[in-house]
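Taken straight from Swiss-Prot:
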type: DOMAIN; residues: 7-145; note: domain 'SprT-like'
type: BINDING; residues: HIS67, HIS71; note: Zn(2+) binding site
type: ACT_SITE; residues: GLU68; note: active site
Amino acid sequence: MNQAELQRHMEEVSLQFFQKEFRHQAVFNARLRTTGGRYLLKSHNIEMNPKYLENFGLAYFIGIMKHELCHYHLHLEKKGYQHRDQDFRELLKKVDAPRFCATIPREITMHEYTCKSCGKSFLRQRRFNVNRYRCGSCGGKLIQTGSKKIYTENA
C-alpha cells in the first residue's frame, strides 16, 4: 500500500463508518514504534504505522484507522477526543474500533560467547571485543561462538 492508497482507504473508512468526509492527509510514518497511528491536532493529519499493516494485515489496520478517525472527527466537532473522554469511548464502541494496539514482535540479535577454559556460555545483545574481556567465573579467554535472532513481544 502506498500513500495514495492509504489516503483513499482513510476516506472510504470515514464515509462508511462515520458518514463524514476525511478532508485532510493520511500518511505513513515508519518512525512510529509503539503506536499504530497518530492524529495531529494542529494540522488535523493522521500518521499511520506501516509495520502494523505488514504484521497484522488490512483488517486490523482498518481498525486502527477507525480509532484515529474517532480522534479526528470528535476534535473537529469540538467534543471530547481524548482516550479518557466519554464521547470518545462511545464512538469507539459505535464503530467497533480498538482502544489499544497489539505489540509488534521485535527481532533481536543475541551474540553467544563461550569461555575456552571452563566452557561457560554467555548471551549478549551487544557485541564486544573478546580480546579486551575475560570470563567472569575463571578468568579464561572468551571466543564468539555464534549469533541468533530472537523475536520478542515487547516493543
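From the backbone N, Cα and C atoms, a Cβ is placed for every residue, glycine too.
Taken as a whole, the domain 'SprT-like' (7-145) shows an average pLDDT of 96 in this prediction. Packing around HIS71 (Zn(2+) binding site) is summarised by its Cβ count: 22 other Cβ atoms lie within 10 angstroms of its Cβ, all protein chains included. Residue counts for the domain 'SprT-like' (7-145) under DSSP, split into helix (H, G, I), strand (E, B) and coil, are 48 helix, 29 strand, 62 coil. For HIS67 (Zn(2+) binding site), the count of additional Cβ atoms within 10 Å of its Cβ stands at 24 [all protein chains shown]. Contacts of GLU68 (active site) defined by a Cβ separation under 8 A and a same-chain sequence distance of 6+ are given as GLY37, ARG38, TYR39, ILE46, MET48, in order along the sequence.
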